[in-house]
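Some features that TrEMBL has for this protein:
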BINDING   CYS535, CYS538, CYS575, CYS578  Zn(2+) 1 binding site
BINDING   CYS544, CYS547, CYS562, CYS565  Zn(2+) 2 binding site
DOMAIN    302-468  domain 'Helicase ATP-binding'
DOMAIN    570-722  domain 'Helicase C-terminal'
Amino acid sequence: MDVAKVIVDVPSKDTDRPFDYLIPDRLRPWVEVGSRVGVPFGNRTMQGYVVSLHPRSDIDSARIKPIQSVLDFAPPLSPDLVDLSVWMKERYACRQITALQSMLPTALKGKAERYITLADPSEREQGSREGVLFSVQPETEGEQNVLAFVRQRGEVSLEQLNRAFPEESASVKALLARGLLREYQQIKDKLSKKTMKALELAVSLEEAQEALNNFPAKAQRQKDVLAYIVEMEPFLPLSLKEVLTTVGVTAGTVKGLADKGYIVIEDMEVFRDPYKGRNFEPTEPLALTSEQKQVYSRIIHQLDERNHGVFLLHGVTGSGKTEIYLQIIQRCLEQEREAVVLVPEIALTPQMVERFKGRFGDRVAVMHSRLSSGERYDEWRKIHEGRASVVVGARSAVFAPFTSLGLIIMDEEHETSYKQEETPKYHARDVAIRRASQAGAVVILGSATPSLESYHAARSRSSSEFEPELLEMPSRALGNRLPEVRIIDMREELKEGNRSMFSRPLHEAITARLERKEQIVLLLNRRGYSTFVMCRSCGYVAQCPECDISLTYHQKSNNLRCHYCGYAVQAPEVCPDCGSEHIRYFGTGTQRVEEELAKLFPGIRVIRMDVDTTTEKGSHEKLLKQFRDKKADLLLGTQMVAKGLDFPDVTLVGVITADSALNLPDFRAAEKTFQLLTQVAGRAGRHHLPGEVFIQSYTPEHYSIIHASGHDYLSFVKDELKHRKALHYPPYCRLILVTLSHEQLPLLVRVAENYASDLKRRADRRGWFGSLDRFAAEALDVLGPVASPIPRLKNRYRFQCMIKWRGDMDAVSLARQVAEELQDSVRDTKLQISIDVDPQMLM
Ligand SMILES: Nc1ncnc2c1ncn2[C@@H]1O[C@H](COP(=O)(O)OP(=O)(O)OP(=O)(O)O)[C@@H](O)[C@H]1O
Ligand SMILES: [Zn+2]
Ligand SMILES: [Zn+2]
């Protein structure tokens with residue numbers, strides 16, 4: 001193997017392919033598929049990843065350059081992750097380098113630094129052999145000083161040299177040109193490992209004990225230190241700081257002992273453990289209920305066969321899905337394989353972490369975005385070095401560098417946060433399934449409200465890529481019933497003169513809980529704030545006649561627009577349905593609700609949890625702990641309070657307005673509403689006290705609200721699928737959202753129109769273009785271009801096209817090809833085209 005193909009970290013279309021490099025002999029043992037290397041690229045040194053090894057290159061060997069350095073002791077990427085990056089590139093129309101980088105902690109994004117050393121004389125001779133005559137001696141005092149400085153240090157970074165001699169950059173240049181100094185580049189990671197001073201015995205234990213017996217009396221302090229170290233011998237090396245404080249000596253004393261040769265002071269690497277010093281109560285597996293047992297045995301059977309399989313676990317809230325995960329992970333670990341547990345960022349609460357750490361202790365690594373990049377790096381290394389065999393983490397944990405993966409669990413699989421909104425715009429569910437199929441691992445997608453895509457795939461088992469087996473758990477593990485849900489018609493409240501945001505029944509229910517000292521969770525869905533228009537008298541919401549989604553209010557032009565197809569109308573003054581003037585832009589903030597609560601229920605203790613109160617590190621955790629310790633009566637929040645929480649004394653859940661989720665301009669609005677209501681309702685009455693739920697709404701007849709109140713997932717799915725089918729939305733087709741942006745509007749409009757027409761023409765030529773009516777097994781349709789929901793961002797105008805397609809054709813590459821050709825022909829570097837395959841955020 002003499003040649004390595006390397007993907008180099010240059011984010012440009014033309015460089016997104018492997019380049020050949022020679023493997024020098026000295027590096028041969030270190031270069032593997034997945035190695036991170038420093039390579040010459042142009043006149044720079046760049047970071048890259050080895051994607052394959054070959055005996056020779058097709059390129060003239062004189063033209064290929066050698067790899068300069070290998071950056072890690074062990075390759076940070078495994079061959080299966082490298083394969084996965086190739087798949088991601090195709091599937092999400094992203095660059096392979098972007099895919100590779102998304103798999104690693106940012107700490108490993110190295111950058112080249114320039115270093116200066118003395119050149120060795122042989123290199124200098126070469127210069128004169130070419131017939132150029134120059135002095136090989138320093139010519140000025142400045143040059144002399146620079147040379148002396150470099151000689152003394154051996155090597156210095158160019159930056160350091162410039163700092164030391166701010167006036168002598170010309171001298172440095174001259175010395176480089178005449179070959180007295182040499183420059184080279186080296187990749188340096190942004191983040192270094194953290195070290196601390198530690199003590200270790202420099203002699204054997206016996207020798208140390210011997211020394212203690214004969215220690216000179218006047219060095220009593222040193223003797224104390226040595227005695228302590230001997231006593232603590234099984235725990236060596238000890239941190240210097242710890243020794244200083246425990247023995248109560250100065251660093252000088254310890255140094256003296258080191259000078260005598262009994263101990264050494266060394267730099268020891270320390271791991272940043274975000275959960276350090278925290279005790280997790282160990283837990284034992286619970287005896288499974290019969291429902292749990294069935295699910296458990298089916299999955300274990302698959303796991304034992306070491307065959308890939310995908311399961312969709314549909315279990316109601318509180319059915320004990322987490323306990324099943326724990327026991328299946330146990331089995332996976334017994335097989336000496338590893339497990340990944342994916343949890344939505346927002347549900348990655350300390351409570352969740354506790355459950356996994358409680359069962360598997362230190363073998364659990366945790367990865368989420370609230371960790372510092374140093375902590376993330378260390379958790380990653382814990383996995384990479386085999387010190388952890390379970391990872392619990394958000395989306396990106398799907399790339400955990402395990403080598404014998406047995407299991408990937410995705411909890412709350414319907415959550416939209418599994419889709420990454422930045423490039424690479426991947427969906428962790430698809431990546432998980434792909435990765436598991438490479439590894440022969442089992443995937444469990446768990447939810448009380450599975451996404452329609454997953455549920456439909458499980459029911460029809462029609463798509464070849466994704467055919468989960470459906471497993472159901474319809475009852476709660478503790479045998480208690482799902483809470484009673486009441487829908488409150490807010491139009492009636494208004495009619496009867498109640499203008500407050502609290503209906504009378506909810507008001508009474510809160511009062512009763514305060515009296516009984518039980519707890520309350522109050523959900524306010526603030527997403528979609530002020531973007532849609534609703535009549536408070538009759539519940540009318542302005543919708544697009546074509547696309548069946550809510551129109552978005554644009555204040556500037558005072559009109560309502562559909563951001564799928566571009567339809568626009570004037571914003572109404574009175575309700576077109578009932579003539580009422582109570583038509584307004586909707587949305588209330590959590591802060592206002594908090595004020596209102598204080599007014600209506602004097603003395604109520606409220607914990608508010610939203611983006612404003614949870615920015616600080618650990619605040620999320622602190623607030624939840626306060627609530628669990630019953631330091632508050634009511635937990636008020638956005639979606640954050642809806643998921644994964646398990647508090648025994650919560651007996652009331654209130655939803656201020658269900659409609660704000662329902663009227664998001666998104667074809668998934670009903671699904672999201674149903675999911676949110678079901679999830680939040682599931683927080684009530686989870687243990688011994690019965691629960692009650694109040695949902696306030698201006699459109700109480702909507703099927704998503706009615707079915708959520710009946711905990712009736714199946715009926716919801718039936719109704720929702722009917723709509724999706726009629727309007728050609730997923731799961732009956734797939735979507736690609738193409739967003740184009742530029743600083744100049746006229747140019748952008750022209751380009752966007754060209755994009756749409758090129759795409760249509762090209763699709764038509766292949767016989768793909770057409771309507772997605774129900775008879776078409778294969779079709780592609782293009783909507784737009786229209787202004788994006790955020791029409792201008794960072795001084796750039798934004799337009800978008802929506803591609804709807806169905807069938808086996810490769811629509812993603814077509815969308816990408818047309819984008820690339822357009823970009824080439826426009827030749828304006830300011831034009832950006834972004835492709836989002838299977839978009840989740842359509843607002
Ligand atoms: N076999 C069992 N025996 C006794 N208690 C159990 C058992 N399984 C689960 N539980 C308990 O039931 C409660 C609900 O279980 P768990 O949180 O695992 O449900 P879940 O399905 O993950 O819920 P959700 O989707 O609502 O978050 C927990 O308090 C859990 O400890
Ligand atoms: Zn009305
Ligand atoms: Zn429309």
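Keep in mind that glycine also has a Cβ here, set from the backbone N, Cα and C atoms.
Feature map: annotations from TrEMBL on the structure.
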residue: CYS535; record: Zn(2+) 1 binding site; Cβ within 10 Å: 23
residue: CYS538; record: Zn(2+) 1 binding site; Cβ within 10 Å: 18
residue: CYS544; record: Zn(2+) 2 binding site; Cβ within 10 Å: 21
residue: CYS547; record: Zn(2+) 2 binding site; Cβ within 10 Å: 20
residue: CYS562; record: Zn(2+) 2 binding site; Cβ within 10 Å: 22
residue: CYS565; record: Zn(2+) 2 binding site; Cβ within 10 Å: 16
residue: CYS575; record: Zn(2+) 1 binding site; Cβ within 10 Å: 20
residue: CYS578; record: Zn(2+) 1 binding site; Cβ within 10 Å: 14
Between CYS547 (Zn(2+) 2 binding site) and CYS535 (Zn(2+) 1 binding site): CA-CA distance (Å): 20
Of CYS538, CYS544, CYS547, CYS562, CYS565, CYS575, binding-site residues neighbouring ligand 3, Cβ under 6 A: CYS544, CYS547, CYS562, CYS565
Of CYS538, CYS562, CYS575, binding-site residues neighbouring ligand 2, Cβ under 6 A: CYS538, CYS575
Structural state of CYS538 (Zn(2+) 1 binding site), classified by DSSP into three states: coil
Distance [Cα-Cα, Å, rounded] between CYS538 (Zn(2+) 1 binding site) and CYS544 (Zn(2+) 2 binding site): 18
Local confidence of the prediction over the domain 'Helicase C-terminal' (570-722), expressed as mean pLDDT: 86
Shell list (Zn(2+) 1; ref centroid = CB of CYS535, CYS538, CYS575, CYS578; cutoff 8 A): ARG536, SER537, GLY539, TYR540, PRO576, ASP577, GLY579, SER580, HIS582, ILE583
Listed in sequence order, residues not in CYS544, CYS547, CYS562, CYS565 with Cβ within 8 Å of the centre of the Zn(2+) 2 site Cβ atoms: PRO545, GLU546, ASP548, ILE549, LEU551, HIS563, TYR564, GLY566, TYR567
Spatial neighbour of CYS578 (Zn(2+) 1 binding site) that is closest, considering only the binding-site residues CYS544, CYS547, CYS562, CYS565 and their CA atoms: CYS544
Conformational class of CYS544 (Zn(2+) 2 binding site) under the three-state DSSP mapping: coil
